[in-house]
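Per TrEMBL, the features are as follows:
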- E263: active site (ACT_SITE)
- 23-489: domain 'Aldehyde dehydrogenase' (DOMAIN)
Amino acid sequence: MNTLALPSSLHITKNYSNGAFVETSKTFDNISPVTGKVLSRICEADKALVDATVQSARQAFNGIWGETTVEQRADYLLKVADIIERRFDDFIAAEVLDTGRPVEQAKKLDVYRGIHNLRTFAEIFKHEYSKTECFESHLADGSQLLNIIKRKPLGVIVSISPWNLPLLSITWKAAPALMAGNTIICKPSEETPSSATLLAEAFQEAGVPAGVFNVLHGFGRDSTGEWLTQHKDIDAVTFTGESGTGASIMKTVASEVKPVSFELGGKNAGIVFEDADFDKAVEGIIRSSFTNSGQVCLCTERVYVQRSIFDKFVKAIKEKTEQLQIGWSEDEKTFMGPLISHGHREKVLSYFKLAVEEGAQVVTGGGVPTFGDERDQGAYIQPTIWVGLPDDARCVTEEVFGPVCHIAPFDTEEEVIQRANNTDYGLAGVLWTTNLSRAHRVAPKINAGIVWVNHWFARDLRTPFGGNKLSGIGREGGTYSMEFYSEPTNISIRL
Ligand code: NAD
């Protein structure tokens with residue numbers, strides 16, 4: 001069973017606004033997805049606190065933060081990273097208790113990447129942000145102009161993030177936004193408020209000036225998320241979450257023409273060619289379909305396997321999937337924890353039912369595991385594999401966001417490219433093949449922001465990240481983040 005405990009400062013989880021932790025009268029429960037028990041009480045930011053926070057973020061932007069150099073901002077972020085490293089166990093507890101994920105995953109992915117995001121963006125911006133471009137112009141009258149292109153921050157950024165990778169998502173946005181000289185108000189998901197609040201403690205301890213980094217808790221519609229995105233005095237919104245939520249945020253900011261960066265949903269394809277390293281492909285598709293209980297935007301929910309190895313592949317993946325351990329976060333053997341909530345489990349179970357109605361054959365899973373202990377009150381679900389659905393079935397076209405994939409046979413390269421691209425989404429793809437020419441031929445034809453060949457999920461933070469179509473707008477990562485969080489100004493001087 002789990003023995004982790006939230007740090008006492010989170011028992012009543014407060015908002016962090018203008019350098020201070022603020023309680024509000026309206027609270028909601030943070031529920032453990034492992035046991036269904038209440039972990040902590042969360043203070044929901046009201047409209048007055050949203051207003052006051054935007055105002056203080058504006059003041060900091062116009063004042064003390066606006067006067068910092070990029071090197072000074074990097075020093076602050078590096079201090080925050082060091083504090084997270086020192087309080088590693090607290091961050092692990094926060095992330096694991098809110099989500100129910102395995103401790104091993106939180107160590108190697110979530111908290112590790114939180115630190116890495118801060119350090120990487122600090123270094124990249126230190127080297128790249130103050131680079132300027134110059135253009136000399138020669139005019140018809142013989143005079144000359146010197147055009148100097150300087151980057152400027154946008155102002156007050158609102159970051160709205162999801163529950164699936166909480167610390168990773170928030171640091172992925174806050175680090176480049178702050179390095180560019182913006183101030184930021186972060187609204188973490190109502191399901192995972194803890195690590196964002198610990199991050200605020202780290203910013204406070206690092207001495208980052210009041211108003212620069214803020215965390216407000218609450219929900220989306222008719223709550224903190226909507227009030228922040230509706231606010232007239234914010235300058236841009238960076239959002240990660242469902243495509244439908246992205247569409248409604250876009251409508252909200254449309255009248256003010258605010259810039260948006262959107263990282264949205266996916267219905268990602270995995271393609272296994274007959275020349276793939278069979279065992280690695282089976283293991284790879286299991287990882288890409290079931291990691292984090294399938295709750296990663298990059299997870300594979302549609303698998304296409306070349307017909308000559310289809311039956312062997314389905315048999316092997318069934319066998320290996322049935323050996324996956326579902327259980328306590330602290331058990332080192334646990335591969336999968338629960339889904340994030342009972343509400344989300346209802347949604348995923350409704351797809352399990354729909355798949356059968358649509359004619360799927362359930363290869364494995366399709367239900368809820370039982371443990372005979374308090375985990376039976378949690379939101380656990382079985383990893384599930386379907387075959388036999390047509391390409392236009394809802395279960396093959398809609399994002400489920402659970403530990404589930406549909407496997408279909410294919411015959412030719414051309415056919416599988418067309419079927420992989422036959423989706424409203426365009427986030428990620430994964431190819432398994434040992435044929436180098438084929439890898440080079442097929443990968444660029446997959447309409448997605450990232451295509452992995454013979455691996456999945458590993459990222460270099462300097463590379464662009466984002467999606468096409470319903471999967472998002474824009475790219476973040478490395479200097480691509482700089483493009484969103486700052487804008488170039490042309491200073492044109494007549495010589
Ligand atoms: P969600 O859209 O329900 O919620 C995300 C955030 O938006 C939460 O903080 C929520 O409170 C807020 N929100 C909801 N409605 C809002 C509104 N009207 N105005 C302002 N804020 C609002 O998403 P989720 O369920 O938390 O996360 C899962 C989704 O996120 C999946 O679709 C997944 O694919 C996607 N995701 C995408 C990426 C990516 O990089 N492309 C990464 C992680 C998750």
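Even glycines carry a Cβ here, placed using N, Cα and C.
Heads up, TrEMBL stuff is auto-annotated, nobody curated it.
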Revision key, fill the gap. Counting across all protein chains, other CB atoms within 10 angstroms of the CB of the residue listed as 'active site' number 27
Check your understanding: For the residue listed as 'active site', what is the secondary structure state per DSSP, taken as helix, strand or coil?
Key -> strand
Review point. What average pLDDT does the predicted model assign to the domain 'Aldehyde dehydrogenase' (23-489)?
Key: 98
